[in-house]
Amino acid sequence: MTVSAGDSTTPPFHELKQLPHAVYNRLFAAVYASAVVALLRRHVTSLVVLSPSFSFSTTTFLLLAADLVLAFKWVTAQALRMRPVRRREFPANLPAAGRSEFPALDVFICTADPYKEPPVGVVNTAMSVLAYDYPPEKLSVYVSDDGGSALTLFAFLETAKFAAFWLPFCRENGVVERSPEVYFTTNISASAETKNIQMMYEEMKDKIERVVERGTISIEEYLVNDTERRIFDEWSSADFSTHHHPAVLQVLLDNKKSKDNSGNSLPNLIYVSREKSKTTHHRFKAGALNVLLRVSAVMTNAPLVLTLDCDMCSTNPRTPLHVLCYYFSPPAAGSFRSKYGFVQFPQRFRGINKHDIYAGDLHHYTMNMPFGSDGLLGPPFIGTGTFFSRRVFFGGPSESQFVAPEIPELFPDRPVNRPICDPEVLDLAHRVAGCNYEAQTNWGSKMGFRYGSMVEDLYTGFHLHCEGWRSIFCYPEQPSFLGDSPISFADVLIQQSRWSVGALELSMSKKSPLFLGIRKLGWLMGLGYCHFSFWPIWSLPITTYAFLPQLALLNGVSVFPKISDPWFLLYTFLFLGSYLQDMLEFTTVSNSTFRRWWNEQRIWTVRGLSCFLFGGFDFVLKSLGVSTKLGFSLTSKIVDEEQRQRYQKGMFEFGVSSPIFLPMAMAALINLVSFGFGLARVVKGGWWNVEGLVLQIVLSGFGVVNSVPIYEAMVVRKDPGKFPARSSVAAVVMSIVLCCVASVLFSS
Ligand SMILES: O=c1ccn([C@@H]2O[C@H](COP(=O)(O)OP(=O)(O)O[C@H]3O[C@H](CO)[C@@H](O)[C@H](O)[C@H]3O)[C@@H](O)[C@H]2O)c(=O)[nH]1
Ligand SMILES: [Mn+2]
């Protein structure tokens, strides 16, 4: 265990423990690796030595390719299993008197569409950070509105007013849940004060929701004075649209002037909608974050920066103190100028159903694997819940790597000595929020958040690690942030198709983790990044194993060893070994349930047949120049009540007819038919008669068990979330075609 403290006489600020299961992971990896090598050797020999027919060599070749991919994925996963660690912080040990030493903190919240991301939700996220247990004169919250929406700005005008009541209320009553929405739905109090503030909140919420529903702000009704009205003048110009408008910047709270209702200062709250033009690529979220980096540099230039998605409410007001436990530790004590570039909190979600049918908590990626990478060079950046040192955005950690920004006002260590409402400051802030500002600069390539991938988080984090930065995974028992997870299955798959495209943009780039990563970060960390960035190639083995053995079975062709063959044991070991290890890791190390694990393994196969496949296609089309424009399909944060109820009952929400459901439905059908066919043969002739097909029958059975929710949705369910009839028919037709083609091929 390593213990660090402010100095040797003070109690520790944090500790780091290696997780004990690392030893078993290593031993198991050694044994499993031998089995993998044996399997690959077997494939190669049978390909070279015996080649009785075209269909035999094709099948063997496809299985070899699938197993090679699986072996590669396995190796990359092991890299993250070699040295998992767990940290703990002790914020109580930070000297109480040190608050005046706290670094300033700039919080960035991104939103992009008031209809997909309801402003009330964004307001709650902002409120939960405005109410941080942090000196208000050091705290600034910047809201980036890529929707360029007056509705969002209106919601924030209201936020500024309500904050004056909400912040002192939280402070005086020791409120932990500082998003008012969450607080009022989980706490029912009879006190007059609470009732009063709840009424204020409900009024504000009503007002915002009515304005959003109507799509316009009624000037007479809602805007109380001329200053407020003037704010919205910008929107009155005829050519103001989401994709084409000047930069809009509005200081809604200024900590030098704004006071709450008990006379204390309020933090800064600044609305930023960067300039948009139809002719300039706006680079999605990374572009928005870079604008915030510059605008905040001009206005407050805090050395610490926190990035949040609009739905990621903070659930612990002392979260920044966990970060300070590292900030104040040697060798960097009080400067953050060490090699540690960012502190990543896990992304956790609220409202996930009991058994997590979509594996929406992204367990593997947001929990297990970050512990593994934390023992190496640190967790990847996952987009939200990340505290950065501002310095990381300007080149590697050593002085010689520093990349100077184009104007002195953006230097990361420049002290700020002008008020944020100073006209010159505001002028410059508008300028750096302009859509052509980045032309011929290093923004997006050597500075700031990096452009080049739809998963700007993984991509940026990778480049930061390659420059020499390290990161820290901070996982307090009590969740620090909770976000929304989509509840419609189509939304989940579309979101993950976008991630798949982004991951491939990284893994297939010239600076792929496979080459640059391993060279710069060493084998383990480099392979660890491969694990994340080669995510979608999983669809190759999954598609193969979901169809090939089953189609072979239907044609009576054996592709796996017989029961009496010793290789049978090897196959069984490889399958059960990795499944059991994953299950144990999930249920013990991460303390989750068997049912959740079971659902997660199902989603793994489903992803292979949907988002990974479609994301892969999109990527290929884009690389070939066939489709040039891939938009950022924003994940909807709207919750339909009926849908939510079905989701809470554990029902998959198909509903819309989408090609993304087709391959999984075809796999479900073909596995069912081949399983039935296999069983019929067993009934007729007994197990020994089909001993060459046993593994294929078992595999089809496994496919069938995993497809139960699909059969239900196709045949049994009548609710609007059922499998769309059109897609069912398409799946049946295509399955029949596939079976016919297979029977021709297998007879060749
Ligand atoms: O042009 C854009 C597009 C998106 N966003 C914001 O980016 C965030 C993430 O968008 P969302 O639709 O919620 O995407 P998710 O796939 O749910 O987000 C995950 O994946 C992203 C990478 O694709 C990461 O950036 C996120 O942090 C991570 O939560 C939201 O706050 C959006 O408002 C923008 O500001 N501008
Ligand atoms: Mn999201």
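Backbone N, Cα and C define each Cβ position, glycine as well.
For Asp146 (active site), the same-chain residues that are 6 or more apart in sequence and have a Cβ closer than 8 Å to its Cβ are Cys110, Thr111, Ala112, Asp113, Ser273, Arg274, Lys276, His282, Phe284, Lys285, Ala288. If you look up TrEMBL, you'll see Asp146 (among others) marked as active site.
What TrEMBL lists as active site is Asp457 (among others). Of all the Cβ atoms in the protein chains shown, 24 others lie within 10 Å of the Cβ of Asp457 (active site).
In sequence order, Leu634, Thr635, Ser636, Lys637, Ile638 make up the list of same-chain residues 6 or more apart from Lys116 (UDP-alpha-D-glucose binding site) whose Cβ falls under 8 Å from its Cβ. What TrEMBL records for Lys116, Glu117, Asp146 is UDP-alpha-D-glucose binding site.
Under a cutoff of 8 A between CB atoms, and with a sequence separation of 6+ in the same chain, the neighbours of Asp309 (Mn(2+) binding site) are Ile109, Cys110, Thr125, Gly383, Thr384, Gly483. According to TrEMBL, the feature Mn(2+) binding site maps to Lys285, Asp309.
Through the fold, the transmembrane segment (23-40) approaches residues 64, 67-68, 71, 74, 78, 81-82, 84, 570-571, 573-574, 577-578, 581 of its own chain, all at least 6 residues removed from its boundaries and within a Cβ separation under 8 Å. Sequence annotations record features per position, and here TrEMBL assigns transmembrane segment to 23-40 (among others).
Among the features that TrEMBL reports, transmembrane segment is placed at 521-547 (among others).
Among the features that TrEMBL reports, transmembrane segment is placed at 567-584 (among others).
Sequence annotations record features per position, and here TrEMBL assigns transmembrane segment to 604-621 (among others). Cβ atoms under 8 Å from those of the transmembrane segment (604-621) belong to residues 359, 493-501, 503-505, 508, 535-539, 541-543, 546, 627, 630, 659-661, 663-664, 667, 706 of the same chain, restricted to positions at least 6 beyond its ends.
Summarising the annotation, TrEMBL assigns transmembrane segment to 660-680 (among others).
What TrEMBL lists as transmembrane segment is 692-711 (among others).
Long-range contacts of the transmembrane segment (723-746) within the same chain: residues 55, 58, 547, 551-552, 554-555, 557, 654-658, 661-662, 665-666, 668-670, 673, 710, 713-714, 717, each at least 6 residues beyond the stretch ends and with a Cβ under 8 Å from a Cβ of the stretch. The transmembrane segment annotation in TrEMBL covers 723-746 (among others).
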Residue among binding-site residues Glu117, Lys285 with least C-beta crowding, 10 angstrom cut-off: Lys285
Stretch among 521-547, 567-584, 660-680 sharing the most Cβ pairs under 8 Å with the transmembrane segment (692-711): 660-680
Residues close to UDP-alpha-D-glucose site centre defined by Lys116, Glu117, Asp146, Cβ within 8 Å: Thr111, Ala112, Asp113, Pro114, Tyr115, Gly147, Cys310, Leu634, Lys637
Pairwise Cα distance for Asp457 (active site)/Glu117 (UDP-alpha-D-glucose binding site) [Å, integer]: 20
